[in-house]
Each structure stands twice: as structure tokens, then as C-alpha cells.
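**Student:** Features from TrEMBL:
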- 12-37: transmembrane segment (TRANSMEM)
- 72-92: transmembrane segment (TRANSMEM)
- 104-123: transmembrane segment (TRANSMEM)
- 129-149: transmembrane segment (TRANSMEM)
- 161-181: transmembrane segment (TRANSMEM)
- 248-277: transmembrane segment (TRANSMEM)
- 289-310: transmembrane segment (TRANSMEM)
- 322-339: transmembrane segment (TRANSMEM)
Amino acid sequence: MSKLWIIRNRLISAAIPVSAVAVMCALIVVVFAIMLISLSVGNQFIGIGQILFDMFSRSDTLSEFIAQSLRFPRVVMSAIVGAALASSGLLLQSMIRNPLASPDVIGITGGASAAAITYLSFFSSTLGIFWLPFFSILGAFSAVLLVYCLAWRNGITPMRLILVGMGISALMGAITTFAIAASPLSTSITAYIWLTGSVYGANWKDVQALLPWVCVSLPFLLLFTRQINAQELGDQISTGLGISVQSLRLGMLIISVVLAAPAIAYVGAIGFVGLIAPHIARRIVFRSFGLLLPVSALLGACLVMLADLVGRTVFLPLDVPAGVFVSAIGAPFFIYLLYRQRF
């Protein structure tokens, strides 16, 4: 029997397996290792020792500018986006009790993409790029609100939610395609790049804008670990334990949008992170939401950082968007899950 760490206070009471803590510590080390490697390699190689020296000495050198001003915000943005998308995917899978659930399936990604591409195609030339994240977030919330309203019939059931979500995602995809086809060539190229999902050009202002969404949402979710764990056991058991299932589902859906929509708004439609990371997390830690959440977030951060690292180093001088490599992994993984669901 594995050893447990007991945490009790006014807000939470939890028993955490020591093995899960070891996994989280190992993943944190991996995250920092990938960060250091990402800061080091590229068009110009910078030694890790030089990076650490520049970080603490604030030297005005070319290597310091490349590492701190160009690569570091890109790496941090990759980690935040990966953590946000993975956490959103885990939340949706727990809510719907379906391993195929993710922001891509429920309509979050489709709504954000449709709004962003419409803005890029028809409004960016007059309003500039500043309002793009706001349009994207508004599109994601609008799509999810439409999904929720259409799926409501004396309450929300997981199957109706996922079926309606897939239909709305298809509709959003049609709107996105029309917007690209109707836009000028110059803006359609920008739209295509955004759709692939890339952290190219990320800066510290973007990081500061995105970080609060994640830092507030993740700790808040941990307060509802018991309710979410009970919800996964079924509606009857949850109701018997005094949980308002419909209110909990609505809250989980809103927070999943709050996590995923800003991330998609700033870097584009990086798919499959919310599908892959939670599945890997369920294989390596106990199936409690309170343990799965941090592990999924760390795995998502690793996945996007690695995809971006490969995209900007393996095919030099090309800078291939991170979304291309995540999709290359995610599409076969999705097919594998579909195959397993048959049996």
C-alpha cells in the first residue's frame, strides 16, 4: 500500500499518495529542463552556463537579448498554453465522462477560431490586431453558450452535450472556411498561420495577459475536487451526495472555456493537447481529479514546449508552428481512442 500525505485545513481535506508527489516533482524538473534546452538551441546556440549567467547578471549582450527577450517569453507562453489546454480537456472529460472530450470537440476551439479568423479577415485592417484576443474569447463563449442551450432538455446529459458540441464545431469550421475564402490574400495567409497554432512572436505582454487566467482558474478548481470526483461516478450518486449536478456541470463548462479560450486567442488553434495530456496523466497517477489536474497541466506544458522546440530547431531555417507537431501526434492518438471505444 502506498504511503499517503494527509492535508487538512478549512478549505480542503486530502490524502495524497507519495508516488503522485514524486511524479509531479519529476515533471517539474522535466519542464525546467525543456525550458533550458529551448533557451539554448536555435539559429544561434547559447550555452546553458551563459544563459544562467545572463539571467542573474543582467549583461547587455547579444546572447542575453536572444535568450531573455526572444526565446524566454516564447517558452513561457508555450508552457502556459499547454497547461491551460490540458486542464480544460481534463475538466471536460471529467464532466462528460467521455475520454474523447476536449476543447476541440465541445466547440471551444471552433468558436474561438471562427471569431478570430472573421476578425483577421474583415476587421484587422481597420481595427488592428489588438482586439483579436477579445474577439476569440467572445467567439468561444458564444459557441459554448449555443451548445449548452441546444443540449438542454430538462437538464444536460453528457451524450447530448458532446453530440451538439460536434455539430457546432462543424458549423464553426464552415464559418472559418468562408471567412478565409472571402478575405484578401494577405490576410488569408495570416489566418492560415493562426489556425495551425504557433507561439512565434510571443512577448512578455502576452504572457502577462494570459497568466492570470490560468493562475486563478487552476487553484479554484482544486477546491471542488470532491464534487468533481463524485460527478464522475454518475448523476444518481452525485445527487444522493447532495451535489447539484446541473449547476456543477455549468460551472465546469464555464471554467473550461475560461482556461482554453484565452490560450487559443493568443497562440491559435493548437489541437489535441486537451485530449492527449489527461489520458497520459490517468495512466501514471491515481484517478482523483485533485491529482490529475496538476499532472495534466505539467504534461500539457511539456507537450507544447517540445512541439515548439522541434518546430523551430529541426527544420532550420524554417519555423514550423507547434500545432503541426501536436496534431501529428494527436490525430493517431484520437484514432487509437476511437478504436478502443469500439470494444
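Glycine is no exception: its Cβ is also placed from the backbone N, Cα and C atoms.
Note that TrEMBL annotation is computational and uncurated.
It should be emphasised that the depicted structure is a prediction, and the values quoted were computed from it without experimental measurement.
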**Student:** Six or more residues beyond either end and a Cβ under 8 Å away: which residues meet both conditions relative to the transmembrane segment (248-277)?
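**Tutor:** Same-chain residues near the transmembrane segment (248-277) but 6 or more away: 77, 80-82, 84-92, 94-95, 100, 102-104, 106, 108-109, 112-113, 116, 132-137, 140-141, 144, 148, 156, 193-199, 202, 206, 209-210, 213-214, 217-218, 220-221, 224, 227-228, 231, 238, 296-297, 299-300, 303-304, 307, 321-323, 326-327, 329-331, 333-334, 337.
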**Student:** So, taking each listed stretch (104-123, 161-181, 289-310) in turn and counting its Cβ pairs to the transmembrane segment (322-339) that are under 8 angstroms, which one gives the highest count?
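**Tutor:** Out of the listed stretches, 289-310 contacts the transmembrane segment (322-339) most.
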**Student:** Using a threshold of three or more Cβ pairs below 8 Å, and leaving out pairs closer than 6 in sequence, do the transmembrane segment (289-310) and the transmembrane segment (72-92) count as in contact?
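**Tutor:** Output yes: the transmembrane segment (72-92) sits against the transmembrane segment (289-310).
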**Student:** With pairs restricted to those 6 or more apart in sequence, evaluate whether the transmembrane segment (12-37) and the transmembrane segment (289-310) have 3+ C-beta pairs under 8 Å.
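**Tutor:** Yes, these stretches are in contact.
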